[in-house]
């Protein structure tokens with residue numbers, strides 16, 4: 001009789017690491033976690049450090065930290081000075097030369113937070129893709145999350161790369177983002193840009209669809225008893241459907257004369273509207289980075305210049321944009337030492 005003794009195949013370090021990363025634990029790590037967790041930690045830590053201690057005096061001539069008296073709405077990690085160009089401002093680079101204090105003064109925390117934040121968001125998207133594959137579902141969550149990533153990358157990275165320096169990127173703070181919005185309007189007439197319109201339609205349309213869908217499901221929950229509440233419908237172990245798609249279809253058919261006939265098309269539409277809107281707005285921001293113009297109704301501007309009694313909402317907005325540029329530029333870019341004489345400041349046709 002012959003006895004064959006089997007030997008377990010040897011496992012390499014990659015297999016061991018793969019098993020450890022994908023082990024079932026309270027917080028899943030995975031291969032995506034190698035990118036996500038360090039980058040998210042460093043981005044958040046850099047932002048908290050900057051908003052707590054670091055001034056923007058040397059980059060924007062502003063106070064921007066809790067230490068200087070700013071509050072949650074006015075603190076920011078500000079973008080570097082215009083003179084820094086598109087330098088990555090590495091701590092060990094020629095600008096800071098390993099001096100941490102000088103690095104903070106030059107605005108080194110901004111590219112640190114921006115790049116680690118971008119890679120952290122990408123890591124989170126890859127995390128959704130990885131877990132979806134392990135669980136055995138489609139990766140549409142990752143696809144949906146690509147939309148805010150596209151907006152972040154286009155606004156914080158692509159736009160300033162198309163301009164003269166990182167200075168023109170938004171700083172990381174609430175009031176700083178508002179300043180950036182005013183800048184986009186004044187210098188690019190962003191609200192009249194069709195890509196911005198598609199973005200607004202996507203975000204508000206997605207919110208509307210979400211509200212309508214949630215209300216419709218609540219309205220058509222199957223009744224569990226005589227009571228007014230139907231909380232047993234939230235039991236995750238129930239085998240039957242929670243709500244009636246047929247009843248919902250009948251309701252909206254009576255409201256609009258048309259309704260979604262199946263859940264797949266309904267939920268795909270809820271995915272498509274906001275994701276497409278955000279992607280289109282990201283494309284529009286890349287266009288602004290290249291200083292592309294959108295709608296210019298020159299005929300209206302020429303007629304308004306010739307006829308003091310002719311003015312449209314478009315020509316009024318053009319005057320407002322001129323005002324933003326004229327009054328914002330000296331405050332926003334003090335290093336340029338702009339001086340605008342009174343006669344070139346914008347005046348409305350009625351003045």
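Keep in mind that glycine also has a Cβ here, set from the backbone N, Cα and C atoms.
What Swiss-Prot lists as transmembrane segment is 39-59 (among others), and the listing cites sequence analysis.
Listed in sequence order, the residues of the same chain lying 6 or more apart from residue 116 (chlorophyll a ChlzD2 binding site) and placing their CB within less than 8 Å of its CB are 39, 40, 42, 43, 46. The feature chlorophyll a ChlzD2 binding site is assigned by Swiss-Prot to 116.
According to Swiss-Prot, the feature transmembrane segment maps to 123-139 (among others).
Spatially close to residue 141 (pheophytin a binding site) yet at least six residues away along the chain are 128, 132, judged by Cβ distances under 8 angstroms. Sequence annotations record features per position, and here Swiss-Prot assigns pheophytin a binding site to 128, 141.
For 151-164 (among others), the entry in Swiss-Prot reads transmembrane segment.
Under the three-state DSSP scheme, residue 196 (chlorophyll a PD2 binding site) falls in the helix class. A sphere of 10 angstroms centred on the C-beta of residue 196 (chlorophyll a PD2 binding site) encloses 22 other C-beta atoms. Summarising the annotation, Swiss-Prot assigns chlorophyll a PD2 binding site to 196 and lists sequence analysis as the type of evidence.
Taken from Swiss-Prot, the feature transmembrane segment covers 206-226 (among others).
The plastoquinone binding site annotation in Swiss-Prot covers 213, 260. In sequence order, 249, 252, 266, 269 are the residues of the chain that are 6 or more apart from residue 260 (plastoquinone binding site) and have a CB within less than 8 Å of its CB.
A 10 Å cutoff on Cβ-Cβ distances gives residue 267 (Fe cation binding site) a total of 14 other Cβ atoms nearby, all chains included. Annotation source Swiss-Prot lists Fe cation binding site at 213, 267, citing sequence analysis.
For 277-293 (among others), the entry in Swiss-Prot reads transmembrane segment, with the evidence type sequence analysis.
For residue 213 (plastoquinone binding site), the number of other Cβ atoms no farther than 10 Å from its own Cβ, over all displayed protein chains, is 16. Sequence-distant residue pairs (6 or more apart) of the transmembrane segment (277-293) and the transmembrane segment (39-59) include fewer than 3 whose Cβ atoms are under 8 Å, leaving the two stretches without contact. Separation of the C-alpha atoms of residue 196 (chlorophyll a PD2 binding site) and residue 267 (Fe cation binding site): 24 Å, rounded to the nearest whole number. If you draw a 10 Å sphere around the CB of residue 128 (pheophytin a binding site), it holds 18 other CB atoms from the protein chains shown.
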